[in-house]
Ligand SMILES: NC(=O)c1ccc[n+]([C@@H]2O[C@H](COP(=O)([O-])OP(=O)(O)OC[C@H]3O[C@@H](n4cnc5c(N)ncnc54)[C@H](OP(=O)(O)O)[C@@H]3O)[C@@H](O)[C@H]2O)c1
């Protein structure tokens, strides 16, 4: 009797172990297939050609935050693909210089419009609308954004900074998009690229408003992406880790932190390819960012990554405050 009971228990144990092993194997296999899919996307799968959106056929690309960093690089590379370019940004002198450079280098047409998006000025948007109505827009790059000056606890952040983030990162994106949509839907073609951030994928303490504004962008991109797909307008949320620019305050490129040139090249060559992004209407096209995006969502918990961001930003804040103190001391000496 004991022997029979033991055999039955052993059998049950074996079956349970086999089931658990199979579940574990399926789990690992699913993760492995997902990871291989990311590698296939970033290294093999071609993106939709930009000619679909009017490259070389007289169409225009509208770029916000176009005078520096990633936006400036979009201007160069879209001009190289033979789009005419409408540059929108804050500083007129920087826009004019860039417009001249683009015309000479790529023999395309340019227009510029200088406005400070933090003002949310209705007259500015009206004038921008009038300019947009004179051109056929094939591409809109919603690139402009503003960030906290240094990582700062939410309760201590200046009202001006919080308002600026909402006005530029959210309102400007909504408003500029609504200026181009009527013609894109009528023409049944258009590409809208929204520059997202990993700060929107995993909440970033001390950059709370910026982080939340980028989470807004990710959700909004999916909603309008689905709404607009039947009308031939492609919306893509571009998830971005660090890039060497004034905003990131990083000066040297590395494996994870590219210069704007290879970063933007990856975006434009991978339209419609998800890369490391897991959300619909999303793309993480730069190879190391794609792997990092996959790791964020598949390795450890979200709480782990939020805490990781907390310790990273705490450290950055300490260094930024020390720098401010040094600068204040140096200024006091010269006075
Ligand atoms: N760099 C990164 O590591 C990183 C990471 C994740 C996501 N992103 C996203 O990528 C996008 C571009 O960032 P970036 O690093 O290239 O920034 P950037 O180098 O600081 O350039 C920002 C651009 O936006 C313009 N701008 C800023 N505030 C403005 C305002 N109030 N009104 C009008 N124009 C304004 C600037 O104009 P002026 O030249 O006149 O100042 C400049 O042309 C942003 O959406 C950012 O959130 C960047």
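Glycine too: its Cβ is placed from the backbone N, Cα and C atoms.
Per TrEMBL, the range carrying the annotation transmembrane segment out of 12-40, 41-69 is 12-40. When the Cα atoms are compared, residue 210 (active site, proton acceptor) and residue 197 (substrate binding site) turn out to be 9 Å apart. A C-beta separation below 8 Å, combined with a sequence spacing of at least six in one chain, links residue 197 (substrate binding site) to 145, 210, 211, 214, 239, 240. Classification of residue 197 (substrate binding site) by DSSP places it in coil, neither helical nor stranded. DSSP gives residue 210 (active site, proton acceptor) a helix state.
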